[in-house]
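Data first, discussion second: the structure below is written as structure tokens.
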Amino acid sequence: MHPAPSIIAFSTFSGLGLGLLFWLGVDNTPPTGWVGFAFFGIAYVLAVGGLVSSTFHLGRPERALKAFTQWQTSWLSREAWCAVVALVTMGLYAFFLVFFGRQLPILGWFGAFFCLMTVYTTSMIYAQLKTVPRWNTALTSWLFLSLSIAGGALLSGRVTIALILLLLAGGMQFLWWKLGDKRFADSGTDMKTATGLGSIGDVRAFEPPHTGTNYLLDEMVYTVGRRHAEKLRLIAFVLMLVLPVILLLLPFPHVFGVLALVSHVAGVLVSRWLFFAEAEHVVGLYYGLR
Amino acid sequence: MTQLPKTTERKMGLVIDLDTCVGCHACVVSCKGWNTENYGAPLSDQDPYGSNPSGTFLNRIHSYEVQPESGPAQLIHFPKSCLHCEDAPCVTVCPTGASYKRVEDGIVLVNESDCIGCGLCAWACPYGARELDRAEGVMKKCTLCVDRIYNENLPEEDRVPACVRTCPSNARHFGDLGDPDSEVSQLVAERGGMDLMPEQDTKPVNKYLPPRPKDMLNDGPREEIDILAPLLAPVVEEPKGFLGWLDKTLEKL
């Protein structure tokens, strides 16, 4: 699948921002006043910035509001609703904390729940697709959720929790990669079922329908960079997990905490790039490609 | 609404005969020709006369080489367009309700004025039947020529999809696949019509007729197949008389 920068930025940064909002929502002693303003400010810049960047890949962004109508069937529509509910609720919660120093825990918990639901609905946009076997697993949701709350914990300065959650997210990432490598073969879809000609013999693509490229090949048969996948996986894993964990175990958590955060985010960006670039859509089979 | 109807009154669709398709791409051209100036936005091309041309098409023809266990390889031309699936995954993923499946005939359509061009429906389709138009920013797909098949301004023989009307080898058939007595349903029953990627659970309405077994040209001894030989014997006999003498004399010179 084509790794659109807008989508990679969206899912990474909004996941991080929503993770931070989640921790602020469930905090017993949340920051108030200017400190609170700073924390919520960062969370909103990340979450809203991510959501806005996701509209850049739309063909017709001016009609984006119509995406709220089909919540009964569409995960994308559900995501839009969850994001609005989460951001409005957490906005009210932040308003009372920042300007009146008052915590309304019910708002906080409600908002935190919808922050997680937003990340979950985002993950389901990918996990629902049978056409992309690597994504089509419940592990995709666990991966997105664990990365979001681990990043949020790191961003909110929860060192011990962040350490545990980073290890958890790293484990998810490892599992997702290892199991994902087999999913295309396990899906049972191959050139024989795609063409229905398997009963005659082995099928080979002889000539494609067009001499140039097209939308399908650009969008869904993106093969650039796959040969570097193993190296990129290693880079992502070191940046998102190994380095941050080492940095968090060092003294002076404020200095190294920031470095850990930067490293983690860079690692998640690489991993998210791979999430798309490595994902193979079954339509590639019609072209004899993966 | 992007909720799929439980049943549709009819299941209009295509039956494509892989045995007779000659891969001429005439259906591709007629499809583009009709649909670029009728339902919805035109089917744009990018850099059409330049070094890297591409464009939006609703129907494309692949060609495959199939190698049986014994005997020569077979070349099979393979037209592919929207299969108007009963469980169309492209419809339910749509966030705006632009994609829908019609209750009256089962045709899957895009209401282009509602489409935000997110591309999720194209991701959800295993067959590559949807293409985002790069000029218009909206999703394009086969409409089963919904603006032809009910169009009373057209002569009756033209009230079929453009691809079906134009196919010179009669490899494309149009009709109601929900009616077991229809010609297309009988053709499917007779020839063992099949679904593409049945494991994707999309329940396509369009069916493909597999190629018939090929003649075993290389199996028997050579003489047996030379059925034209008797017909190729010279029909003009040697000239006689003066012309015969002239012929022989001229030959000797």
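Placement of Cβ uses the backbone N, Cα and C atoms for every residue, glycine included.
Just so you know, TrEMBL annotations are computer predictions that nobody has curated.
The transmembrane segment annotation in TrEMBL covers A:7-25 (among others).
Summarising the annotation, TrEMBL assigns transmembrane segment to A:37-59 (among others).
TrEMBL lists A:80-100 (among others) with the feature transmembrane segment. Away from its own ends, the transmembrane segment (A:80-100) comes close to residues 14, 18, 21, 24-25, 30-34, 36-37, 40, 43-44, 47-48, 51, 67-68, 71, 107-108, 110-112, 114-115, 117-118, 120-121 of its chain (Cβ-Cβ under 8 Å, at least six residues beyond either end).
Beyond the ends of the transmembrane segment (A:106-127), by six or more residues, the same chain brings 11, 14-15, 18-19, 21-27, 30, 75-76, 78-79, 82-83, 85-86, 89-90, 92-93, 96, 135-138, 140-141, 143-145, 148-149, 275 to within a C-beta distance below 8 angstroms of the stretch. Per TrEMBL, the feature transmembrane segment maps to A:106-127 (among others).
Summarising the annotation, TrEMBL assigns transmembrane segment to A:139-155 (among others).
Residues annotated as transmembrane segment in TrEMBL: A:161-177 (among others).
What TrEMBL lists as transmembrane segment is A:232-250 (among others).
Among residues of the same chain six or more beyond the transmembrane segment (A:256-275), those with a C-beta under 8 A of the stretch's C-beta atoms are 3, 8-9, 11-12, 15-16, 126, 135, 147, 150-151, 154-155, 157, 159, 162, 166, 173, 229, 232-233, 235-241, 243-245, 247-248, 250. The transmembrane segment annotation in TrEMBL covers A:256-275 (among others).
Tertiary proximity for the transmembrane segment (A:232-250) is limited to same-chain residues at least six positions away from its ends with a CB under 8 Å from its CB atoms, namely 147, 154, 159, 162-163, 166-167, 169-170, 173-174, 177, 225, 256-257, 259-261, 263-264, 266-268, 270-271, 273-274.
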